[in-house]
Structures are given as C-alpha cells and as structure tokens.
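Below is one structure; the comments refer to it alone.
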Amino acid sequence: MLLSYLRERLRLTGTKYGCGGGGCGACTVMVSRYQPSTKTILHYSANACLLPVCQLQGAAVTTVEGIGNTKTRVHPVQERIAKAHGSQCGFCTPGMVMSMYTLLRNKPQPNMEDITEALGGNLCRCTGYRPIVDGCKTFSQESNCCQANGNGAGCCLNGDSSPQRSENELPPQLFDQEDLLPLDPTQDLIFPPELILMAETEPQVSQLFRGDRMVWVSPVSLEELIQLKTSHPQAPLVMGNTNIGPDIKFKGAWHPIIISPTRVQELFKVTKTPQGVCIGAGCSLSVVKALLEGLVQEIPEEKTEIYRSLLQQLGNLGGQQIRNVATIGGNIVSAYPNSDLNPVFAAGNCILNVASKRGRQEILLNKDFFVGFGKTSLKPDEVVLSVFIPVSRQGEFMRAFRQAPRKENALATVTTGMRVMFTEGSSVVKELSIYYGGVGPCTVSATKTCAAVIGRKWDEQTLSEAYTQLLDEISLSPSHPGGQVEFRRSLTLSLLFKFNLQMLHKLWEMVWTGSLFAQLVDLSEEISSGIHPLPKQLLPSLQEFQAVVKDQSGDDPVGRPIMHRSAISQATGEAVYCDDIPKMEGELHLVLVTSTRPHAKILDIDISEALQVPGVVDVITSKDIPGKKFRTFTGIDEDILAQNEVSCVGHMVCAVVADTRNQAKRGAAVVKIGYEDLPGPVFTVEEAIEKQSFFLPKRMIEQGNVDEAFDKVDHIYEGAIRLGGQEHFYMETQSMVVVPSGEERELKVYLSCQHPTYAQESIAETLGIPSNRVSCHVKRVGGAFGGKVTKTSIIACITSVAAWKTGRAVRCVLERGEDMLITGARHPVLGKHKVGFMNNGRIMAADLHYYANSGNTADESLLVIEKILLHLDNAYNVPNLRGRSVACKTNLPSNTAFRGFGVPQSMLVTENMINDVAMMLGCNAEEQIREINMYKEVSLTHYKFEFDPKNLLRCWDECKEKSDYDRRRKSIGQFNQQNRWKKRGMATIPIKYGIAFSDGFLNQAASLVHIYKDGSVLVSHGGTEMGQGIHTKMQQVASRELHIPASLIHITETNTSAVPNTCPSAASFGTDANGMAVKDACETLYQRLEPVRKQNPEGTWQIWVNSAFIQKISLSATGYYRGHDLHMDWEKQEGQPYAYYTYGACCSEVEVDCLTGDYRTVRTDIVMDIGRSINPSVDIGQIEGAFIQGLGLYTMEELKFSPSGVLYTRGPSQYKIPAVCDIPLQFNVYLLSGSDNPHAIYSSKGIGEPVLFLGSSVFFAIKDAVAASRVEAGMVGPFTLDSPATPERTCLACNTPFTQKIPASKQGSFQPWALNIP
C-alpha cells in the first residue's frame, strides 16, 4: 500500500498509520491526475492505507511534507490549524491538513459546508474539532461576517451597524486572524510536466506486477479486461480498494490474481439522454455526486426524484476520501446488506449494463439481483460496465432514508429507498417500490407490502394496513447478526411513516397547484415535524477567558493563549512519533499471538510451523523471560505472557519476531495453541455477582445513618443504570522500539507511554537487570487518555525480551484491531441506587451500589472503584449517604485507566438518581432538584474533607445565565407542544472534581534545567507530552522564572536517564507537579545568577550567562516538588485524597428525531473554574476535547462482545467515536473569572479530566427529550435509559406507535448476537 511505501521506503513519515482501513483519515494524501480528454488536472484526497502503489501510474501524490515545512515555508493550512490551536497530540493533524489542502486546491474560497464535508473523513480524539474548524474557516468568506466572530447582534447581514470598539474594549481572542499567512494558490506545487507529457504521448500498455503471493494485472482495454475475467473468473476487480483491501487486511482474504481496470476508459463514460443518465461503473462516488448535482440543476425538478434521493445518501456515505476512490460499480456489486445506494437503485428501476465473452446485456437492479450476503446474480466472468439511472416521471416520487450509529461516515443500521407513482389526477397508487438495507443478508424488497398498497388511495387507512403487512413481511431472528433487532424492525416502520408524511405533503402541494382534485386534510405543524431534517448548520461559538493583568510584562507568557509549542511541526509532519523513528540496522518486528478462548488451560504451544515462515527469527514465550514473569498491580499479579492458562480472548500468549511486520504476521497466524476449555466463563457483572467473582477488597463508605433516614422520608425510589465501556481510541496505537546497546546489558527503549519510569522498572525486573541499565525515552505521545500505562509496560516487557534474546533492535506497533482487543477500555459499570427524599425534592438519604466490570486482571480496577466512591456525591450535600463498589472479575480483556478514572461512571449514577427524583415529583426541570441539593456553604464531604463550594455555585449560576436557560427552557416546551415527532431537551449538569493522586507519593515531581553558554535553555521534566500541552506550559513557567523569552527555551524528550523516578502523567496533575519542579530549578538558577546581574545590571541574558560560566557558577540545576501529602483511610472512611477541586457546569440542548433516535446537539455552554489559567488556549482545548470524548461515552461509543467473549468492535468501521458532524452546533466555553487556587502553580487548576463527565449533559438532555415523547404516549414518571444513549436506545425509549408494534423477544429463548455489558 502507498502508506507503507511512503513511510518505509521514502521515509515520509508525516503520513500516519491510524487504523489501516480508511476509517480515520490519519493517512490522508492528495492524489492528482492529468485528464488528457479535458486537459485538466483532477485533485482528490485519499487514504494512503487503501491505495495500492501499483495503481498510481501517472499520478502525482502530495503528502504533508510536500506542501510546506519549517525549514522553507509553512503552508497557510498548516499555519492556521496550528495557530487556531487545532493540534494537540498532533497525530491526526497531517491528515486534517491534507484534507483541507485538497479542498483549497479545488476551491480556494470554500464555504462552511465544503469545509465540514472535507473534514468528515478525519477523526480526532483530542481537540473536540472546534479549533480545527475555526482554523479552516479562516479560508472561507463566511469567516469575515460579524456572526462568524460571535457578534450576531447588530450583524452586517441584517443591515445593522454598531460602533467599532477600541482594541482595549475587545475581549481577548485565542488567536489573531490578522496574523495569518495569505493563501496564494500560485505558490502551490505544480503538477509534474513530465506526467502531462507521458499521459499525452505515451501509449497505454497493460501492466503486470508480481509479488510473493499475488499477481496484479492492469488492463487498458475492455476486450482485455473481459478476456482476463474469462480466464480468471474468481479474480476480483479492484479500483478504489475500499472493499477488497480491508478484506485482505482484516479478514485474511487472499486472491492470487487481482485485476485493476482503472485505465479502461469504457468504465468511465457518462452518457446523458432524455430518459436518464448512464454512468460508467468506474466513476467514483464523488464524481457521481458532482454529476447528479449538476443534473439536478439542469433538468426540471419533477424529473430529478431519483437523483436527489441518491444525493441524499451520497452525502453521508463514507468520508470524502472514501467517496473519492470508491466506485459506483463496486458499491453495487459488493452487495453489502446495509448498502446505502442499492435500495435506491433497486427502488428506482435502475439498470446495469454488463459484458462478458458472451456479449453485453442489461440487468434490472431488483430483488432478483441481490441473492445473499455479498452475492449478486452476476456470473463470475461478467463485468459491470455502467448503471443507467432513469429520470422520474410525472406523478412519481422517491425518497431515501438512512439511520446510522453516527450522523456521517458510518455504515447504516437501516437504509431504504422508496418510490411511489400516483395515477394522474388522484392519490391512487399506480406503482410502489420499497427496498431496505440492514434487515437481511442483502438488500430486500417489501414486495407484499407494495402489492397491498398498489391500486388504493394513499391515505391513513391504507398505510396503517401497510405497516402491519410490512411487520409480517420483514422479520428478523432475535439472534440476527449485528443485533439491534427491535430497533431495526421499528425503523422499517418509522421510515415508511416518514415516507408517508412526505408523500402526504406532496399530495397537498398537488391539491394547491390544481394538479390533484381531491380533498386532503392539511398536515399540521405537529405531524410535519416528521418531515424536516435535524438542524446541522454550525453557528459561531464563544471562548471567553480572562486577560492577563495590565502590569504583566509583555515577555511573560503565563496566562496568555500561547500556541502548542509543537503545533507547527505537527502540522507539517515533521514531529517525530515513536514509529517515525528510522529503522535500525537489523531491526526486527514483533507481532503478538493472543488467545482465541475466553477461559482455558494451555496444553501446548506449537511454534514449529511459525519458525519455518521466511523471515521469522524467533517466537517468544513465557519460558524466554529471564526475570519476573509477571507484573503486580494493586497487589495482584498479572502474567506478562500466559503460562498455563488464558482468561480472555485477547490474552497475550507469545510473540513472533521477524525481519518484516508482514512476515511476523504470517508467522503469528500459524502458531498453534492447544487448549482445554474451562467451565463457566464469566462475562457480565450479573454473572460475577452470582459466582462471587471479585477482585478484593470491596469498598464501602458512609456518612450519617442511611437506614434510619429511609424511615423518615416522604418518598423512596430504587433505580439502576448501565454504563457501557469506552475504547481509548488514541490515534497512535501502542508503539515501541527496544534497542540493545550491545554492552553491559544496556537497553534504550523508545515508546509511546504515560509512565516511562514504570516501563523502565517493569523491563528491568522482567530481564533481571538493574533499572540503571534501561533508559526509556518519550518524545511525544499520539494520545493516551490513561490507556498507555499498564498494558504499554507489559508489551514493552515482551518486546524487550525479544530484543534481549535476539540481540537486535525490535519494533512493536500494534494494529488498531490488535490494540482494541488487547489493551482494555473504560470500566463498564452497573449502578444501582435507592434514594429517599422529601416532597420538596430534598434528598435525605441515598444508597448507591457500583459494580465495575474489571475484566480478567485487576490492573488499576481497585483504584478505580475507590475513586468512584470518593466522587459519588458530585455537587450534592446528602446528609445520609452510603456507597459500595466492587471490581468484578470476568473473562473479558482487562479494563484499565481512562480519563476520569471512574468519576464519569460514578457521577452518572448520581445524576441519574437526581433525574429519577425529579421525574417522581413531576418536576419539569431536574435543575430545580439539583439546586435544592447542592452544597451551599463551607461543608464536609462524605470522607470528612472540608471545602468551600462558592465557585461551584458561581459556575452553576453563570452557566444558567450565559446559556439563557430560563428563556430557552420555555422555548423548548413550546417546541415540544408543536412537534410530535421531534422533541427538544435540555440539561444542566454541575461537577466537583478532585485533583491529584490520593496516594501522596505519586504527587512528587522532578526536573533538570541546563543553561548553555549561548544563553539557550534546555528543560527536562518527568511529564510526558500527550497533547495536553504540558511541554508548552513548562516552557511558559521557565520563561517567567528565568525572565527570558520562550524562544530561548527548549523542552527535551522525557527521559528516565535525565529525570529519574518520575510519576505518571495522569490525574490532571501533570502541570501542577512538574510545573512546580521546573519552577524550583529555574528559581535556583536565577538566584545563582543574581550576583552576576548585580555586577552588570545593564547586561543581557547571554552576557550574564557567559560571565557566570567564567566565574564557575553552575548553570545546571535539578528541581523538585514534594507534592501534597494526600491520603485516604478506608477503615476510618476519612481522609484528604485530593489537593483541591475543579468546578464547572454545563448546559446542553438537543433535538431528537423520535422516529429514528437520531439527535443533534443544538447548543452547549460550559463554565469552568480552572483558577488562573496558565494557557487559556491549551485549557479551553482540553475542555472541548474532554467534553466531546464524554459526549461519545454517553451517547454513541459502544464496545460489543460476542456471547463467547470476542470483541466485535475492533476499528473505526465498527466503533464510532465523535466526528466533526457530532460537535454542538454552537459550542461556548467560558473560564470563570476572578478565581484563585493557592494549592497549585500560579493559582491554576488541573483540567484534563473533569470536563469529560459534562458530556453527560447531552445524555440527560436526550433523556429530557425522550420524556417529552413518552408523554405523548401517555407515559410519565421515571424510566430507564442506559448509557450510551445510542439512536437505538433513544428510539425505543421514545415509545412511538411504531416501536410499540414490535413484539419483544422472550429473554432466555435465544442467544443474543452480543452480550449486554456490563
């Protein structure tokens, strides 16, 4: 593939590996081709991981390195994304840059729709997307509008004018749009003239490439193509490689011969006729989309029904990169059961033109064409030439609908194409065609339903009978692959209902235009709400922060929105990540072999066949480990490699090392492990409770007398909520390179890790050598979120054993699927509550139980369940409060730390309890119950720690004020009364989050600062840069303390040889601890220089430094910060586990489509108390990124396991994290002004983790909207909505008439497709 060619052969490492399947956009490049027929150059973005190099003959490929770099000239796209603070960990940035760059090459002044479409195929786990969009928006003319700058009132578009404010009156901005390089298209790279000459003069000849196991043939004529297909009927045709490529990579498919007809011109012909358009099968989906958009503008509207339906689907099908290469022919013949286009083609009576040695023929795309999963009626030797799409006729209407786990760039759950033709002058149905995807092994036709409607009037009675018929006709087994059976069946009905509403609307229009003579009842606004789409236009957002004090020196960067110090190099692709390190001489690659059984004894490991694979050097098993064969977390041992038993699918058993990664993979595939299954695997917390399968100790905390208080309250309610797990999905997978030095048993380890010291200790103990022989180096980490501590260290141990045994450097970079399978996730939790409360809403007693699914090893689970209990009060003063938590031992991959470390699970249960109390009391807004129960004055927590909630209350009040809560709450009520099928909801959520490690020894930090004779400064500290901006903040600290410009200061890699015994970069405490250590070292150095400064007060920094050296004054100093002495006594149930609290509040509003469960976050307002921000741009970026990650946790991200414990969701095609389409349409962040914090450096506060929980405001806003829908169904009071509130759960909870029609499957009568985790 092009990706490996770029990275390994050309050493162009700016193009990143993120998933290998075209789902994340990290490997985006621009491909340019000359079109001899039109003498134009076509530019398009593409995923390098799916582009075969042998398919790129005659193409120019531009990577991120090619458009600009720091040595010559940075391109405006690179600069603007960086200066707009759109790069945090930076791993996704080159892909973002190339998507935007390609758009600008085609359209130098794009609009916002163009920008969001271009970025739709790129994922980011750090930023929350808003700053990326803002940076790209500066290229749009729309960015010059008042509204785009947050000035909606008095907008120039409204003809208003307002007096210009002086510069001093303007609020501080995160970046200055005036300080940006202009876009000059004349400076872009030209298309290579030699390729133009080659395209115009050289004759096209067939190409043949032979690999070790595969032959690639590229014909140039249709005759040759047909001959090849005749000779090799089983050989696949590959053009976009978006289907065959992933099958080869992820499913192990093997094709000895591949035919690539990308140069067969007949496959790209487009013919327009009065009857329709014939589109070549080789045309990309982007070309088809552009063609149909042009046709919609050219021909009369009544003839474009099918075209517009196809455009509706094409707009959401894959990302831009996929649409640019995937072909219309490939999309059809791949025959995916949930295809977006095939139901439309079939319902629209489209025709395929196919050719073979027998000649040409036309095949109608209908129910007979799709014969099974991935199968059509095409014969193996037939080639699809084109597809004919007819124009629509008078009285003919067509619509397409889809529902997917994510709004865009996601395979559909259910998709449909529906076409109706009415008898002229009436509402009698002449023709009806309905096709569905996602409800069977292939595209299916609702033939009986259509037959029951044809010949009858299109009215409520007819459609009512049609729903009943459809329910009988399209049925799914309760164990149907993909699950979601009730949801899918309800969607078949609700999508038909949407079609019904649209057709009634059309019929009404026909009455008014006189083309239909009938009496129809007008559609009320309430019913027509089922027609209109959810809002999607991004609105200007605000980011408010406090300006630095007026007397602060202009050279002092603290408190200013300084750009991430590596942002530019990240945007140019020059930033080096672990796998970007050049290959060493003799380097080997390591691939892990994991268990395929959830609970079994290992009988034997047969590695003989693996050792015979060419290139394989060795296989590492536990017997090869010279030192400790296990790691100990929280007092419980975990094998580095399984020795006698495996306890989950994904348990690491051995590892294959080979000369190349592909050879190692082939070797790993033939390792044979003999198993003896053990009885009774445990997967869910219910099973763990039944079998008492726990990691001990359990934890409990109580204040007051809960049992006694229950006897005195007005009401008692018991409820529960299930919270699923969450994959870290850091963009850079687990990566490491271990290099043995060759003498004195030394190892250099380069890895992507949050805790290099722990990795150092682990490797040393595993090899049986002192820690001083192991140096761990972390330059930067491409995202971590808690997932690069424990498992990273274990994988580093295995890699080190391989390097130790072979004496050669060994590289291990996990593929995305391996990473997701092996490394664990956020703990799924079952939370139960019993709450006692008074009539006024005051909660007097609460008893909460938390059951965390820990997986097969303890990892950090015992610490997680402790933090769950320490945060169960959130912002509420409940006088009688009891919490109990337990870590359940199951046979799933071990779960681990994740941003928030149990707090997002803990507080969700608490807030759900508040929600239940409000619903029990019939309170329209649960915010009233929250306010009644909040801490109001200096108080003691349930672990007897005193704090002042003043700033918590300020955040709450300001959030309600800035979000215009009261007015909008009334407006939502009116909206819900007027709209039957769309409902809006709103929720405001507070947070009180404890900062620092409760184990006091983890709060220490150290640093090392050198001043060189030229005045430059080198800073090393114990924190790792993961995108959270810690290096940028350390640079600011050093700049302030040394009184020198930040440009003189360089932050070096985190290195255990420079700063030993470091603590993990976690718990939102990295800046607090390391900042104080750097400050300490800089203060020491500055004090040493004081005599020199006094001797020459008019001197410069460089002169002082030189003088100090001559006077033999040390210019190097260590810094140390002891940290807070924190503790928690679980026997006494009291302590001070946190240094201070970070407070905040968030108000979110959503609009929900009750018929499909889709939602849109209309607006989010966040107010955070983070003390005095050291760097507002970094902190606001952390707030936004954490919120979007929380939004993913609570509304869309689902880990799914098979009944035998196999993880289904192993990549971005199955596991959906938020994308650009999921950000709130208006996303406002406000930093609380006038806040101080004496417990942290420069009065700042930790912010990395707290805001993630505020993503639950979207969850509770959805629940609020669902409650409004349930009222329409006569249902009031508390109800269960588990997390995440996916479209499936949301739709079923709305309890529309269509979900009520679906009979529930009897539990226990079938085996579900997926486990219900936790």
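A Cβ is built for glycine as well, from the same backbone N, Cα and C atoms used for every other residue.
The following features are taken from TrEMBL:
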ACT_SITE  Glu1249  active site, proton acceptor
BINDING   Cys19, Cys24, Cys27, Cys49  [2Fe-2S] cluster 1 binding site
BINDING   Cys89, Cys92, Cys124, Cys126  [2Fe-2S] cluster 2 binding site
BINDING   Leu237, Val238, Met239, Gly240, Asn241, Thr242, Asn243, Ile244, Asp340, Arg402  FAD binding site
BINDING   Gln754, Phe785, Arg899, Ala1067  Mo-molybdopterin binding site
BINDING   Phe901  substrate binding site
DOMAIN    1-67  domain '2Fe-2S ferredoxin-type'
DOMAIN    209-394  domain 'FAD-binding PCMH-type'
May I ask which of the recorded positions Cys27, Cys49, Cys126, Glu1249 is closest to Met239 (FAD binding site) if we compare their C-alpha atoms?
Cys49
Around the C-beta of Arg899 (Mo-molybdopterin binding site), how many further C-beta atoms are within 10 angstroms, looking at every protein chain?
26
Among the recorded positions Cys49, Cys126, Asn243, Gln754, Ala1067, Glu1249, whose Cα is within 10 A of the Cα of the residue listed as 'substrate binding site'?
Ala1067, Glu1249
Given the recorded positions Cys27, Cys49, Glu1249, which lie within 10 A of Phe785 (Mo-molybdopterin binding site) by CA-CA distance?
Glu1249
Could you give the Cα-Cα distance between Cys19 ([2Fe-2S] cluster 1 binding site) and Arg899 (Mo-molybdopterin binding site), in whole Å?
22
With a 10 Å radius around each C-beta, find which of these binding-site residues (Cys89, Cys92, Cys124, Cys126, Ala1067) has the fewest other C-beta atoms nearby.
Ala1067
Counting each residue once, how many in the domain '2Fe-2S ferredoxin-type' (1-67) are helix, strand and coil under DSSP?
18 helix, 19 strand, 30 coil
Same-chain residues six or more away whose CB lies under 8 A from the CB of Asn241 (FAD binding site)?
Leu50, Leu51, Pro52, Gln55, Val325
Would you kindly give the Cα-Cα distance separating Glu1249 (active site, proton acceptor) and Cys89 ([2Fe-2S] cluster 2 binding site), rounded to the nearest Å?
16
Near the [2Fe-2S] cluster 1 site, what residues other than Cys19, Cys24, Cys27, Cys49 in the same chain have a C-beta no further than 8 Å from the centroid of the listed C-beta atoms?
Leu3, Lys16, Tyr17, Gly18, Gly20, Gly21, Gly22, Gly23, Gly25, Ala26, Asn47, Ala48, Gly95, Arg816
Taking every residue in the domain 'FAD-binding PCMH-type' (209-394), what is their average pLDDT?
95
Tell me, which binding-site residues from Cys27, Cys49, Gln754 are within 10 Å of Cys92 ([2Fe-2S] cluster 2 binding site) if we use the C-alpha atoms?
Cys27
Measure from the Cβ of the residue listed as 'active site, proton acceptor' and count the other Cβ atoms within 10 Å, all protein chains considered.
25
When you put Arg899 (Mo-molybdopterin binding site) at the centre and draw a 10 Å sphere around its Cα, which of the binding-site residues Cys49, Leu237, Asp340 have their Cα inside it?
none
Other than its own, how many Cβ atoms are within 10 Å of the Cβ belonging to Cys19 ([2Fe-2S] cluster 1 binding site)?
27
Mind checking which of Phe785, Phe901 has the fewest other CB atoms within 10 A of its CB? They're the binding-site residues.
Phe901
Mind checking which of Cys24, Cys27, Leu237 has the fewest other CB atoms within 10 A of its CB? They're the binding-site residues.
Leu237
Do any residues at least six apart in sequence from Gln754 (Mo-molybdopterin binding site), in the same chain, have a Cβ closer than 8 Å to its Cβ, and if so which, in order?
Val781, Ala784, Gly786, Lys788, Val789, Thr792, Thr1024, Met1026, Pro1064, Ser1065, Ala1066
To the nearest whole angstrom, what is the C-alpha distance linking Cys124 ([2Fe-2S] cluster 2 binding site) and Cys24 ([2Fe-2S] cluster 1 binding site)?
8
